[in-house]
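For reference, the structure discussed in these notes is given below.
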Amino acid sequence: VNGAAYAGLCAYMFLLILVGFPVNFLTLYVTLEHKKLRTPLNYILLNLAVADLFMVLGGFTTTMYTSAHGYFVLGRLGCNVEGFFATLGGEIALWSLVVLAVERWIVVCKPISNFRFTEEHAIMGLGFNWVMASACAVPPLVGWSRYIPEGMQCSCGINYYTRSEGFNNESLVMKMLICHFLIPLFVIFFCYGRMLCAVKEAAAAQQESETTQRAEREVSRMVVIMVISFLVCWLPYASVAWYIFCNQGSEFGPVFMTLPAFFAKSASIYNPLIYICMNKHSRHCMI
């Protein structure tokens with residue numbers, strides 16, 4: 001790999017930091033500054049911003065530094081730290097999206113009568129979020145698989161590449177695929193799918209008034225953007241990781257894993273734009 005590729009990665013990470021930090025920090029600041037935004041639902045949105053800041057400060061800065069050097073210069077400890085923060089931040093963000101999807105489904109579709117999303121429910125959602133994220137990020141630190149430099153050796157991730165006797169890589173990869181990708185994806189599709197159906201049913205029952213038509217358009221737009229952003233960010237990375245895992249021993253170019261891994265990092269920019277900037281109250285407070 002020539003030096004221009006590493007320079008490109010370094011510039012890309014700098015761009016993510018340049019955009020990701022202020023957008024997520026502004027999200028935190030505005031929500032904490034304005035009392036009307038401190039609602040139970042926004043606790044989850046704040047958690048999303050915290051997760052993105054974890055990725056920016058704990059992962060992106062390290063990756064930019066190592067990209068500038070052309071390899072991972074920070075040793076085993078640095079690899080563990082970078083891999084942990086990147087994985088934890090990504091998983092917190094992912095499970096925040098799941099909690100948001102479940103909350104929206106319960107509120108809009110009303111499968112539980114007279115349910116009101118309270119501060120206690122939000123705290124429970126945050127606790128569940130951190131438990132699931134930690135269940136993914138901590139095992140490689142304690143011997144269940146491990147974090148290793150991947151792709152162009154500028155960032156670290158869980159070892160999909162080898163079986164590594166004694167580290168049980170296979171079981172962790174299967175756990176990650178099922179528990180930390182397929183199940184969240186199913187939940188998100190289910191919740192927003194049911195939400196869209198509920199809006200359509202309400203529109204039909206009310207003979208499609210202007211209000212319900214507008215609500216349907218807003219929900220549809222939110223569903224499409226949410227699903228596309230999730231798939232765009234994570235499906236390439238998950239697919240390539242699974243392909244490499246299923247073809248261990250084969251030769252793969254360093255760019256093969258680098259591109260989807262670095263592309264997935266762009267989720268730190270998409271999240272606040274979708275879940276905060278599309279909220280008119282948050283947007284007005286920011287202005």
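Glycine residues also receive a Cβ, built from the backbone N, Cα and C atoms like all the rest.
Because the structure is a prediction, the values reported are computed rather than measured.
As given in Swiss-Prot:
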DISULFID  Cys79-Cys156  disulfide bond
CARBOHYD  Asn169  N-linked glycosylation site
MOD_RES   Lys265  N6-(retinylidene)lysine
TOPO_DOM  1-5  topological domain 'Extracellular'
TOPO_DOM  31-42  topological domain 'Cytoplasmic'
TOPO_DOM  66-79  topological domain 'Extracellular'
TOPO_DOM  103-121  topological domain 'Cytoplasmic'
TOPO_DOM  143-171  topological domain 'Extracellular'
TOPO_DOM  194-221  topological domain 'Cytoplasmic'
TOPO_DOM  244-255  topological domain 'Extracellular'
TOPO_DOM  278-287  topological domain 'Cytoplasmic'
TRANSMEM  6-30  transmembrane segment
TRANSMEM  43-65  transmembrane segment
TRANSMEM  80-102  transmembrane segment
TRANSMEM  122-142  transmembrane segment
TRANSMEM  172-193  transmembrane segment
TRANSMEM  222-243  transmembrane segment
TRANSMEM  256-277  transmembrane segment
Worksheet item: What residues in the same chain, six or more past the boundaries of the topological domain 'Cytoplasmic' (103-121), come closer than 8 Å to it by Cβ-Cβ distance?
Response: 40-41, 43-44, 190-192, 194-195, 198-199, 219
Discussion item. Let's see if you can do this one: DSSP helix, strand and coil counts over the topological domain 'Extracellular' (1-5), in that order.
Written reply: 3 helix, 0 strand, 2 coil
Worksheet, complete the sentence: Residue counts for the topological domain 'Extracellular' (66-79) under DSSP, helix then strand then coil, are 9 helix, 0 strand, 5 coil
Response to the item:
For the recorded positions Cys79, Cys156, Asn169, Lys265, the largest set of other C-beta atoms within 10 Å encircles the C-beta of Cys156
Worksheet, complete the sentence: Same-chain residues at least 6 beyond the ends of the transmembrane segment (256-277) with CB under 8 Å of its CB atoms are 9, 12-13, 16, 19-20, 23-24, 27, 45, 48-49, 51-52, 55-56, 59-60, 63, 86, 89-90, 93, 97, 100, 150-152, 154-155, 157, 222, 225-226, 229, 233-234, 236-237, 239-241, 244, 283, 286
Item to complete: Quickly jot the same-chain residues contacting the transmembrane segment (80-102) by Cβ under 8 Å, restricted to those at least six beyond its ends, or write none.
Response: 41, 44-45, 47-48, 50-55, 57-59, 62-63, 66, 74, 125-126, 128-130, 132-134, 136-138, 140-141, 147, 155-158, 180, 184, 187-188, 191-192, 226, 230, 234, 264-265, 267-268, 271, 275
Discussion item. Under a three-state reading of DSSP, tell me whether Asn169 (N-linked glycosylation site) is helix, strand or coil.
Written reply: helix
Worksheet item: Can you tell me how far the Cα of the residue listed as 'N-linked glycosylation site' sits from the Cα of Cys156 (disulfide bond), in Å?
Response: 15
Worksheet item: Just the number: how many Å between the Cα atoms of Cys156 (disulfide bond) and Lys265 (N6-(retinylidene)lysine)?
Response: 13
Worksheet entry | Positions on the same chain near the topological domain 'Extracellular' (66-79), where near means CB under 8 A and six or more residues out | 3, 6-7, 9-10, 13, 147-149, 152-156
Worksheet entry | Long-range environment of the topological domain 'Extracellular' (143-171) - Cβ separation under 8 angstroms, sequence gap at least 6 | 1, 5-6, 9, 59, 62-63, 66-67, 70-72, 79-80, 82-84, 86-87, 241-242, 244-245, 248, 254-259, 261-262
Worksheet item: Can you count helix, strand and coil residues in the topological domain 'Cytoplasmic' (103-121) using DSSP?
Response: 10 helix, 0 strand, 9 coil
